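What Swiss-Prot lists as active site is Asp18, Asp109, Glu111. Annotation source Swiss-Prot lists domain 'Ch-type lysozyme' at 14-211, citing sequence analysis. According to Swiss-Prot, the feature signal peptide maps to 1-13.
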Amino acid sequence: MFALFLCIALASAKLGIDVSQPTSTSSFTCLRNKGFTTMVIVRAWKSTGSFDTNAPQTLKNANAAGFSIENSDVYYYPCISCGNMAGQVRTFWQKVGQYSLKVKRVWFDIEGTWTSSVSTNQNYLMQMMNEARAIGIVHGIYGSKYYWGNLFGSSYKYAYASSTPLWYPHYDNSPSFSDFSSFGGWTSPSMKQYRGDVSVCSAGVDYNYKP
């Protein structure tokens with residue numbers, strides 16, 4: 001009975017992918033045929049502090065393969081050493097308009113190496129997120145309990161966590177939230193990246209799940 005329940009749960013799970021490299025229509029079609037049909041997330045801002053000019057065509061390819069705009073997001077990886085966190089967000093949003101990107105949500109990627117000061121990191125985070133809110137960007141946050149604690153302190157709670165979707169990584173190859181542990185003010189996630197750096201369908205992707 002448990003095995004049957006598990007099969008039904010996996011069959012009804014909503015699976016998708018995220019990509020950081022140019023990806024063709026044929027690759028997206030192949031991925032959809034493998035069951036990754038719910039969402040696609042494309043990198044649009046790089047850690048070098050520049051717009052990813054591959055994003056517009058990759059999104060077009062995803063749309064051509066059957067991913068609707070409603071199911072198409074982008075992610076934003078901030079450049080910490082560049083400073084001017086609010087300015088980066090403004091420049092990014094100008095590029096989104098310039099390239100006429102049609103996406104549902106922007107995910108702000110919170111990981112990696114920032115500064116050695118948690119207070120500085122907290123300030124950088126709020127500069128970035130306050131600018132996104134001021135502009136009116138529909139957004140969420142990508143982050144893990146591990147990086148959150150390292151960057152901001154384990155007790156730090158994001159002021160807008162209750163109204164901001166959370167996408168978290170845990171590479172346990174399990175499309176479920178059974179492993180989630182609260183952090184940063186979030187008591188439940190919206191999406192999980194459950195497997196990373198997969199080579200499939202002539203593309204490099206990460207696997208994602210949402211209920």
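Every residue gets a Cβ built from N, Cα and C, even glycine.
Features recorded in Swiss-Prot, as mapped to the structure shown.
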residue: Asp18; record: active site; CB count, 10 Å: 22
residue: Asp109; record: active site; CB count, 10 Å: 17
residue: Glu111; record: active site; CB count, 10 Å: 16
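Following the DSSP three-state reduction, the secondary structure of Glu111 (active site) is coil. Averaged across the domain 'Ch-type lysozyme' (14-211), pLDDT for the predicted model comes to 98. Spacing of Asp109 (active site) relative to Asp18 (active site) is 12 Å (Cα to Cα, whole number). Cα spacing between Glu111 (active site) and Asp18 (active site): 16 Å, rounded to the nearest whole number.
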